[in-house]
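Read the structure below first, then the notes.
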């Protein structure tokens, strides 16, 4: 069939050739690509066209004529509606291979790099891994509910469990929901801006078993607040109950004010033997098992002997910095979020690591200032946000010439782009190691080390 003859709502038969970065299947009609969610390579499907653009279109799978050997039955009852996961229909081995292929293809296409991409480091059990649940609250069929948003919408799906949240946090969300409903707590309405409760968040410390509940409310006063707190304490094994107040008409989750309603201000967890104090708003990796795997890759890549000066750009609460400080002469960390730097300093003190310096600011401004002041890194670690490293920071790296750059990435596209700039500037990379931090989703983390040639 010619692509020019395709029409909206038309049913067509085609074979899926590949998966996109967001996990949709891709099939072609006369060279014209159609993106079809919930399909896998090798599958012959019947699909209904829902949108046609000039160079590509979208279709909805109606029937699978030939089923992929990698297809599995998703165990989650709301998987087809929920926006939380996108790969439950693909076997876990298939997910790991998909992520490896994504990294390899991105390195070649964007970075023009021919590097080794080994098998993705996955989990023994890829379920129940998230130590943080962040669940919106709303009305569904006239009753208070807590669940995830539907795909491409802000409609909340009523759900009794989430299979990627750890059991303790998951149970705490459901119990909190029951108690709020019992006291007639009114959920926040995005349209009107009215209501009392916006989100229920839980944080669970994997190594200590400590559990925090955060109630995100529209105002400090909430009907029956004392009774709700008392019942939570009676019915759950908790370390902390915290209230965050967000009075703004926005879809941003947190407001600026946080107060402890019961118990401690923080919970405590460990990574590679380093203790971390985690507050309601601390940035902290959500998969504790794979964080150890990811950081071990970074530690191994740094090859520290105790004589090195290390700079950690985008250091957050110091999680990588402090793991490296055990083996370095001195570690300097920089982070734009001041609260994270305060947390990093507190965590350094908690672990009696005096060989650390943390400063608030933009990495691309602070590191050049350090360089001018004579602070030169032997090893420079970057763990940037999805947008990758700032251009000015990359220029500083090329001027400073650290022997090694250890790059921890949450976006293969910007990793490939930045690696190309560094390799063009005299660095050599041999391997990029994917790590599966978020099973059942398309997110990919990767670690590489670039050596000065």
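Keep in mind that glycine also has a Cβ here, set from the backbone N, Cα and C atoms.
Feature annotation from Swiss-Prot assigns domain 'TRAM' to 5-63; the stated evidence is sequence analysis.
The feature [4Fe-4S] cluster binding site is assigned by Swiss-Prot to 76, 82, 85, 162, with similarity to another entry given as support. The 10 Å shell around the Cβ of residue 162 ([4Fe-4S] cluster binding site) contains 22 further Cβ atoms across the protein chains shown.
A C-beta separation below 8 Å, combined with a sequence spacing of at least six in one chain, links residue 285 (S-adenosyl-L-methionine binding site) to 271, 291, 294, 319, 437. Swiss-Prot lists 285, 314, 335, 383 with the feature S-adenosyl-L-methionine binding site, giving sequence analysis as the kind of evidence.
Under the DSSP three-state reduction, residue 410 (active site, nucleophile) is assigned to coil, being neither helix nor strand. Taking the Cβ of residue 410 (active site, nucleophile) as reference, residues of its chain lying under 8 Å away and at least six apart in sequence are, in sequence order, 385, 386, 437, 443, 444, 445. Annotation source Swiss-Prot lists active site, nucleophile at 410.
Note: the Cα of residue 383 (S-adenosyl-L-methionine binding site) and the Cα of residue 162 ([4Fe-4S] cluster binding site) are spaced 29 Å from each other. Rounded to a whole number, the C-alpha distance linking residue 335 (S-adenosyl-L-methionine binding site) with residue 162 ([4Fe-4S] cluster binding site) is 32 angstrom. Apart from 285, 314, 335, 383, the residues listed for S-adenosyl-L-methionine, the same chain places the Cβ atoms of 283, 312, 315, 316, 319, 320, 384, 408 within 8 Å of the centroid of those Cβ atoms.
Other residues of the chain with a Cβ within 8 Å of the Cβ centroid of 76, 82, 85, 162, the [4Fe-4S] cluster site, are 78, 79, 84, 88, 148, 159, 163, 164, 440. Other C-beta atoms found within 10 angstroms of the C-beta of residue 76 ([4Fe-4S] cluster binding site) number 18, with every protein chain shown included.
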